[in-house]
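Visitor: Questions regarding the structure given below will be posed in turn.
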């Protein structure tokens, strides 16, 4: 069927900020979809609130709106643009929920707008637990016994009838939010109460638990002519009971017989046809390991995390084809872009194994609840491809960047057997490493299977890895053992450890025997047809399919998995860098390990290597491709950390040189550089042990800011008030980086701002200064940032520009650089310099219109700012006000304190832009879901050092009609100053303590600060977590509360008696 001519203008709804459960896979899907629709000649209008994505670049759609994804704003854009149709299935759960809201509000009917892709009835049938159950019964598809409840009592009655354990699944939530497995009535009450609150329709499904079954996923496509196919089937390493986003996953399925595979395939196709989905869909099934019994778990009627994985695993571009199906094209008339000859109707076949391992944030959140269940906790994921399961698993392990090069954590060799068994049974994010340790200690795989319900096939593969380790121990320097270890994915580093040698010795031994990896092509058809894609993975076999090009090439290193501190912003910079390399006439090669992102879409670069970002894997690609040089500036800390080793191996690092990167990262060299350049910084010292640190703090004076050198996202950074706290910090935190010392700095409590600059070594372009709303002490990634600055005098801005210029030239910076400043008493100090692209690059590029990563790349390749038509110095400011606001995922992470501090905690960001600061702030707060009512009750619980400042805020809240409530000490202080506040009880006073008031909906906002000492106050944490659970706006920095107040005041009319 040809594409539709009756629609011209299509609106695509994006997925908003990155949160746990909805990450960069939707940037990838949305980008693909917009480009596909433009390719077919439609006019595309995009709405998304996330500035950090490629998707919100001007060239991706005909018109791009970076506005809050709320009914109020989307409605206004629709009325302004009048699209003929809306495509909501590429914006994750956010897009689907927005489509439902637009429909319920009557907006779609009113303006005669059609929904493309999946009809509302199908979304409803798949998402509404009751309708889904009815449909499955009609289709004769088995689902676990279940009931729909709207109250906790109904849940308890049902569970008493069928027995525990049961699973709670709230309707219309994302990433299993609010759900869980309950083994007792007490757990059931707690989880159901929370789940009903989080479900927008106050509805939960309570079902018999089938934990322990195999979890299988089918990624299916269907078009309007009822053609349907399976793109990819995947099998979870972990059995049912752990969210698929938190499971290790293999593609294709590994343990199913042909009969089982056909049975589940038929079920998946039957379901997508019954739902009449046009586009992509993901079906999750549970299979009994001991019989042919299976259950349908759930259906996602949209492009999902699994479809991004399936696209990258097979090379089949699901989102692109789904967008074309939505406008009427059929699978049998679209060419598969990988082969260029076969049609999209042809099911992909794989002659390799793909492994996906999730990346968790627990290196940042040491106190977080690490046990896995039906609620997702991972921030990102890595994928690796190999010719056997062991190879793909080990490549994925070393892609994680958690300090391991193998499925082994050396620290586990010291734990007791008892702890080992507990960790094997109760799955945490690192269970794979505990399982491998158990096998090394001689536990049989049969024992482990009965404890974990993980299939023997997978455990046998872990055993095989251990057997190869033992073989290597017995045969040191043995060539055949080395070849075998390499064939099964062992890294040089691991083999060197076993043989007690240096990694370079193993590399030399390999080279002397010409033992190099070959690169195989991902071609969707198991080499049955010629493929045209330059998409490769390494393996140790005979035939190499990647041919070095005759054109000069440049290798760009990506940023690996998404984690807190290193998000999609770095992928944005990578993709832009590639565009600039191609424009300059070179071949652009990307190397990355993240399946969710745009950079690993094979159509972005001239060649894509899907490989771990380790020295060995990068060198192997360099040995084959012989690029002119490597760019490390855009891959975050991941790429920067490889620069030294690559440079020592004789690789040309383009842009800022390694010794200059070192001058910015190494404390003593940096201090020396600042002194020479005449730039002030907070007084500080380096310490390698406890005595030195105490000596430094004594000399500088408390409070001090302590942190390890060479880290990203403020990991293990703390503000310390006294000697005791400092000793405790050193004893617990220095393990963050043993070979690097810790830095002890004077802590300056002033205004923070940051600058991204682009330098060619002689001139420096400063696109803009971003002023932070929160004062120093809150990590820059967690602060709200304003551009252009609202409270910095012209003189201070000139000083900042001057210091930035001196730094860029003094550090021989070529390309990007980020500098953070703190201002106190009109004095500007430099806090830190990062000689690379930072997380603010996409935001600043969008608000200034300067394609920063592209310009930086051109400078790295030898052009000057003058050649490109840019002046030296600070770029003229924008007329609008733009706010970048952080977005957190605390609802997904139990036991993580939401108090903001020097360690980064946000997972994503949104942007608000308008003609005034107040309007821009309003949009930013709406976009990050901090909606505050015009009046109500606000609770203040304030540390002594901020009470005076909090008092003026409380007075302003009262003036606009809020009732002030406060805890004992704060209320007493307010009363002394003439402001009366309602007293709230201490934690534990059942009737009116803050958590109780919050639970009953009596509180509209909470302002809670702690002293500089930031002791882990249990009460404060309970208050904060109750606010997070109930979705009550919580301010842990007075500056954020002040910003919110500015918005409320601007929306209030003045009411005075005459």
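In case you wondered, yes, glycine gets a Cβ from its N, Cα and C as well.
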Visitor: According to Swiss-Prot, 707, 746, 748, 752, 777, 778, 779, 780, 832 bind ATP 2; which of 791, 795, 820 is also listed for that site?
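Guide: That ATP 2 site, as Swiss-Prot gives it, pairs 707, 746, 748, 752, 777, 778, 779, 780, 832 with 820.
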Visitor: Which of the binding-site residues 242, 298, 300 has its Cα closest in space to the Cα of residue 777 (ATP 2 binding site)?
Guide: 242
Visitor: How long is the line from the C-alpha of residue 779 (ATP 2 binding site) to the C-alpha of residue 208 (ATP 1 binding site), rounded to the nearest angstrom?
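Guide: Each residue's Cα considered, residue 779 (ATP 2 binding site) and residue 208 (ATP 1 binding site) end up 44 Å apart.
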Visitor: Among residues 707, 746, 748, 752, 777, 778, 779, 780, 820, 832 annotated as binding ATP 2, what is the maximum Cα-Cα distance? Answer in Å.
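Guide: Result: 18 Å between the two most distant Cα atoms.
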Visitor: Taking the Cα of residue 300 (Mn(2+) 2 binding site) as the centre, which of the binding-site residues listed as 129, 208, 242, 820, 832, 834 lie within 10 Å of it?
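Guide: Qualifying among 129, 208, 242, 820, 832, 834: none.
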Visitor: Under a criterion of Cβ-Cβ distance under 8 Å and sequence separation of at least 6, what residues of the same chain contact residue 820 (ATP 2 binding site)?
Guide: 752, 753, 754, 780, 830, 831, 832, 833
Visitor: Hey, which of the binding-site residues 129, 208, 707, 779 is the loneliest by Cβ count within 10 Å?
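Guide: Per-residue Cβ counts within 10 Å for the binding-site residues 129, 208, 707, 779 bottom out at 208.
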Visitor: Filter the binding-site residues 298, 707, 748, 834 down to those whose C-alpha lies within 10 angstroms of the C-alpha of residue 284 (ATP 1 binding site); answer none if the list is empty.
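Guide: Final answer, ordered: 298.
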Visitor: What count of other C-beta atoms do you get within 10 angstroms of the C-beta of residue 215 (ATP 1 binding site), across all chains shown?
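Guide: Summing over all protein chains shown, residue 215 (ATP 1 binding site) has 24 other Cβ atoms within 10 Å.
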Visitor: Using DSSP with the three-state reduction, classify residue 208 (ATP 1 binding site) as helix, strand or coil.
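Guide: The residue in question, residue 208 (ATP 1 binding site), is strand (DSSP, three-state).
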